[in-house]
Structures are given as structure tokens and as C-alpha cells.
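First comes the structure, then the notes that go with it.
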Amino acid sequence: MRVDVDKYLFIGREKSEFFSACREIGAVEFLSKSKLKDSEKVRKLSEGLKVLNLLTKSCSPADLVSTKSGYLVTEQLLQEIFDLNQEITTLTESLKALGKEIVRVKPLGDFSSEEIRELTLKTGLAVRFLYKRHIEGAPLEVEEENVFYLATAYNYDYYAVIGIVSLSKDIFTEIEAPRSVNELREEEGHLQALLRKKKARVCELYAYREDLLEALCEQCNEQSLQHAEVSAEDLFDDKVFSALGWVIVDRLDEVKKLCDSLGIYLERVQPDPDEVIPTYLENHGLGALGESLVNIYDTPASTDKDPSLWVFFSFFVFFSMIINDAGYGLVFLATSLFLSFKARKQIKRSIALKRFLQMFMILGLGCVCWGGATTSFFGVSVSYTSPFREYSLTHFLALKKAEYYLKERPKGYKELVHDYPILKEKKTPKEFLLAQSTSSGDSVYKAVVYDKFIDNILMEIALLVGVVHLSLGMLRYCRQRYSSIGWVIFMCGAYMYLPIYLQAVSLIHYALHIPYELGGLVGYYVAFIGLGVAILGGVIQRGLRGLDEITAVIQVFSDVLSYLRLYALSLAGAMVGNTVMVMSERFSPAVGILIIIFGHTVNIALSIMGGVIHGLRLNFIEWYHYSFDGGGKLLHPLKKVICQKSQNL
């Protein structure tokens, strides 16, 4: 629900007390010429928390310490966190470099760098190391005195040289080795021990994380209060202040009571002509879930009706139709219940996580219901006579259509009988519907009529959902756009007329029993009446410029046809699921299970992407076009954040 917001002027003396009290109420956003910027303390605390969270990721849950080892003031704690981060980063980089050095000098073997230095001092002979490219079959030893073969590694031959020898620089390359591999490994062990010690200290500091959260919360509260106080203008040598603010209308009585207690004068003022009035949404339950979806795309304008519930229910229907699989719905439902149980502590501290799991659970339930209505379960081919199919929505509608075909014998019936002569013998709707035959180029017997009817029904349901969805949006916004009523009438008329034009049978004929010819004739005239009403509404609202409303007929048609994506995406997912099951039957059970798991995992991921993207797109693009202004900004009232140590910031 969108709550109105009005602009008020506040004048009084008790400045600090007034703003502190307003913060407790949380019903006023004060207007300020400057944007709220984080103070140095807030930035430092935020950075400290980020660093601590990043560092503690390397700690296992068992290593995290929950008991404090002593008292630390916030400044000391932050400084130690930053120092540890720097030291751990330095040690990690040193270990990486040391590891590369060990790999480089490993072929030289174990030696003492100290003994080599003593040998050089006593004899004046330098000990050097060289390497050359290894040639298969070539002798490893070199016919030079004081040149000793050490090893072959990495496709190179390594040598030690004592004193001065004449070796070709084109073949041999000197390698610097100030320390041997055993000395490097000794240093590596020392650094690793030091790194473990630093990480252990990080695990101990995890016990102070709640203190940092509380300190950050307090600083944010203090910062927002100071910013609000700065927005006020001081008058009469700072004895009186004045401030402008947006007040939530439903909370106006609380604000007036506060002002009376502090002797503050308040007066409603008109917003500036170019001023954007903030939008305040207040939703609970399913409306709160819808509000989360609405905020993904745009903020409603202050003149918009709150679309939260509409968007949620529409998204629920679209997502269920796109997934179109009861098995996948059970997976979503089971996963959401499992995560809700495992993350029950986090749910208490995170509203976003709680809403996400609730939405996931509801969407899973919707997928189960729609998948059951269309007899779709993990892509498994269900028998035409299965009870699971007989009690489904699509089977019921298909029987109704078959009954209509046998009774009225429309053009579609004649075409089917021509293509499949066996249908002439069928007298009952069920026999006609389940008659099996082979398609051209196919040797498998299938209930061809049944499959055709189901495809047509699902496609028409998608279009019908589009007409209903757009009509609801237009009617919801008809006070702001008079032509909307005409377009609703036009869509209803077009829906009745087009089956006649296409010589097809529609749901309205066999399910709603609307006469075929009469319904088409009425629809033809209703469509033109609706077009005229739309143009008339545009002229009444916008004068002669409203005549361009006739061009919107293309937009309306394209928007309705856009809902065919519901059918197309569901069909694609069903085909992939069925293909996975067919492929798994060609292999052994072990391989088949792997194919099923992998194939359905990929299909679920793609289906979720399609359901989310296109389910939201139909709301935000097609539906918003007729029932939403947008371009608003959310109201951010001065409000005290409750500083609880268990609060997830």
C-alpha cells in the first residue's frame, strides 16, 4: 500500500530534542541541500568489518572463537584488524614467491650456502650453477674440468661449476641460487607457522565482530541525526530553527503530538513545481514480497497506486507457467523448506533472506499446481489414460474441445478427418481425443489429436492470460488514462472475433459456450466500438492530440502477443526434460542416473532464468506501460536503527 506524504515546515527552539524525538518516531524525512556522506568513523568501521569478514572466511566454523579474550576498545580492535590484514597479505605473497623459488632451485639439490661462501673465501674459487636445454640421447656429462652434472628437470640439464671454466654462453645459462632448496623450505615452514599464528588471532577476533556491528550501528545513527540537524536553518542568533520535511500522512498525529510537547510550530506547505514527492510503501505479507520485486526495476511515483501485490501475483502465475513442471516445483519447495530449517537463525536476523525463502516456497507451490494441471513431471511421458492426466485441467479442456468438434464439426474437424481417416469412426469425445495414428515420417503411434489440442490450449491460455493481465492494468489506471477503457473493450472484441477470422475454435466456444458465428460478429463490432471509445477518451483527455490513440492498436496487439513467451518457454523446458529422460533410457542405469541428474539440473537452471527474467519482464515492460508512471524516489525518514548485537547489518 502506498501512503501519502505531505511537506511540512517546522519552527521552534528545542532543536536537538526535536530531531532526536523525530528519529525515535521515524515518520519524517528532512530536506537537506547536501547529500548524506559517511563520516571517517563510519567508513573505518565498515572497512574493518569487511576485512574481518574476509579474513574469517579462511577459518573453519570450529576454529571461530565466540568468547572474548579480553577487553578491546574499538580503535584498538580496528587497528589490530588492519595490521593483521596487512601482515597476512604480506606473508601470503612471500609464501607464493618462496614457492616459485623452491621450484626454480629444486633441481640443484641440497647444499649449504654458508659452506659455499666459506669455500669461496678460503680458496677464491666461486661456485656457480648453470643449465642448458636437455637433448634426448645427448651425453649429460660435460668434457670440462670442474663442471659437475646435477640433475635433469623441466626439460633442462643442471650443472655446478667450480672456478673459471670456458663454457659457451649460447648453450649454458647461469642461474642465481643464493639459497638451497632445503634452506628455502626451512624459511617456508617458518612463514607458514607465522601465518597460522596470525590466522588463529583472526579467529579469536571473530568474538568481537558483534561489538563492531554495534559500534557501526551507533555511528550511523549519530551520523544521520547530525545530518538532519545540519539541514535546519538557524534564525534569530541561533535561538530558533526552521526545517522542511516530508511527513507520512498516517503518522501525522504522532508528529503533531511531538511538536505540541516541545512547542514546535508545524504548517503544511506546497511542494515546489519541479520537486519530486517521495514515495512511501508500507506492505506486509505477500505485499512485502511484491514490494521487493517492484524495487528491482523502478520506484513508483507519488501518484501511482502501489503495484506490489499485483506484481507478485502476476509473477507467481508467469513463473509457474514458464517452469510448467510439478517435479521441478517439488524440488523448489523441498529446497526452500530445507534452507528455511538450516538457516533459521540467519532468517531471524535477515529480512531479505526470509522474504527470498518465502517467495521461493510459494513459487515452488505454484509450479506444483500448474505442473499438475498440465500433467508435467520431470519430463516423464504420462500415459493418455493415466488418472494423473484424466483429472488435469488440460485433459478436461481437451475433452470439451473434442465434444465441440464432434457436435459442431468445424473446419478444424474436417481437416483432422482428412489427415487421419481413422477419426471418422470415433463417436465419443474420449475416443476421438485418444485415437492413435502415425504422423508423416514417424513410425510411432501417438494420440495426434490429443497432442494438437493440448498445444493449442496451452498457447491460447497464454494469450488469454495476456489479455486479462493487460485489461486489469488498464482498468486499474483508467482514471489517469481515459482511453484504457476503450482498449479493454477492443481486446475483448478482438478475442471474440479473431477465431472466426482465423477459422479456428477458441476456449470461449467450447468452454464458455459462446455461439461461434454470433460471437464472432459481436466481437467484430465490439472491437470497433472499443477502438472508438479509446480514441474518444484520448480526445477528451488530450484534445486533438488524442487522435493519435489509433496508432496504439499496434502496440496493444504486440503486447498481447508478447505473452506467447509463456507458452514458448514452457514448451522448451518440457522438450528438454523429455529429451533427458529419453536419452537416459539408452544407457545403463548408472550412466542414465547421471544423465538425468545433470540434464535436469541444467534445465532447472535455464528454466529459473527464463521464469525470473520473462516473468518480471511481462510486468515491468508490458503491464507497466499501461498502469505505471514510475520515476519516483523512496522516502527515507530519519529513523533510529535498533542496535542489537544479533542484528545482521
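Heads up, the Cβ atoms here are built off N, Cα and C, so glycines get one too.
Annotated features, as they stand in Swiss-Prot:
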{"type": "TRANSMEM", "residues": "312-332", "note": "transmembrane segment"}
{"type": "TRANSMEM", "residues": "360-380", "note": "transmembrane segment"}
{"type": "TRANSMEM", "residues": "453-473", "note": "transmembrane segment"}
{"type": "TRANSMEM", "residues": "485-505", "note": "transmembrane segment"}
{"type": "TRANSMEM", "residues": "520-540", "note": "transmembrane segment"}
{"type": "TRANSMEM", "residues": "556-576", "note": "transmembrane segment"}
{"type": "TRANSMEM", "residues": "593-613", "note": "transmembrane segment"}
Inset, instruction - State, in range form, which of 312-332, 453-473, 485-505 has the highest count of Cβ pairs under 8 Å to the transmembrane segment (556-576). - result: 453-473
Legend entry - Distant-in-sequence neighbours of the transmembrane segment (453-473), which means Cβ under 8 A and at least six residues beyond its ends: 310, 314, 317-318, 321, 374, 394, 397-398, 401-402, 433, 488, 491-492, 495, 506-507, 556, 559-567, 570-571, 618, 622-624, 626-627
Legend entry - Segment-segment contact (the transmembrane segment (312-332); the transmembrane segment (485-505)) at 3 or more Cβ pairs under 8 Å: no
Inset, instruction - Would you kindly list the residues that approach the transmembrane segment (593-613) from elsewhere in its chain, counting only those six or more residues past its ends and only Cβ-Cβ distances under 8 Å? - result: 318-319, 322-323, 325, 328, 331, 363, 378-379, 569, 572-573, 576-577, 579-581, 583-584, 587
Inset, instruction - Using a Cβ cut-off of under 8 Å, list the residues of the same chain at least 6 residues beyond the transmembrane segment (360-380) that approach it. - result: 286, 289, 316-317, 319-321, 323-337, 339-340, 386, 388-389, 392-395, 454, 458, 570, 574, 576-581, 600, 603, 611
